[in-house]
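S.K.: According to Swiss-Prot, the feature active site maps to ASP9, GLU71, ASP143, an assignment based on sequence analysis. Taken from Swiss-Prot, the feature Mg(2+) 1 binding site applies to ASP9, ASP143, supported by sequence analysis. Sequence annotations record features per position, and here Swiss-Prot assigns Mg(2+) 2 binding site to GLU71 based on sequence analysis.
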Amino acid sequence: MATRILGIDPGLRTTGFGVVECEGSRLHYIASGTVRTDALPNGDLPGRLKIIFEGVREVAARYQPDCAAVEIVFVNVNPQSTLLLGQARGAALAALVSGDLAVAEYTALQMKKAIVGHGHARKEQVQAMVARLLSLPGEPSRDAADALGLAVCHAHAGASQAAIAAVSPLARRAHAQYRKGRSY
């Protein structure tokens, strides 16, 4: 059975989205794009958050994903930028959970490592690898590529979790302890 995953790369001006379908180890591109708020004046934060909330909710309603993957906000040098990005992320998360979607969260480093092979990849490298992994005719925009990368990262994480669940109870317990930060 195929699982449809919606990836979200939150941003106050541009929020990227990407939808992939995972069937076994095969990934299929469904859609990608952006929710843009740059038509609004800079000071209209509530208006921007409303557009993000409604845009993400509309994307989820249109593509009917089974789950979502959202990028975790990193702490920037500028605390004000971090707070604003966190609010954009909150609007996207609220839209997803209002539709009863399960949401997984990944850092940019985790996503880049899953897509490119190392966590310090440049945006252009993510764009190129996403296009290659999903057999796209061209490279998606940076924000859409990051969102697709999050969806692919979640698909890979799900496959890993299923493989772990198939092994012995001791291995499952050890993995669960490892994920909680404990080791044996």
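From the backbone N, Cα and C atoms, a Cβ is placed for every residue, glycine too.
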S.K.: By a simple count, how many Cβ atoms lie within 10 Å of the Cβ of ASP9 (active site), its own Cβ left out?
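M.R.: Other Cβ atoms found within 10 Å: 26.
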S.K.: If I restrict to non-local contacts, at least six residues apart, and a C-beta distance under 8 angstroms, what lies near ASP143 (active site) in its own chain?
M.R.: ASP9, GLY11, THR14, THR15, GLY16, THR34
S.K.: State the count of C-beta atoms found within 10 angstroms of the C-beta of GLU71 (active site), not counting that atom itself.
M.R.: 25
S.K.: State the three-class DSSP label for ASP143 (active site), counting H, G and I as helix, E and B as strand, and everything else as coil.
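M.R.: Once the DSSP labels are grouped into three classes, ASP143 (active site) ends up as helix.
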S.K.: Provide the three-state secondary structure of GLU71 (active site) computed with DSSP.
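M.R.: Once the DSSP labels are grouped into three classes, GLU71 (active site) ends up as strand.
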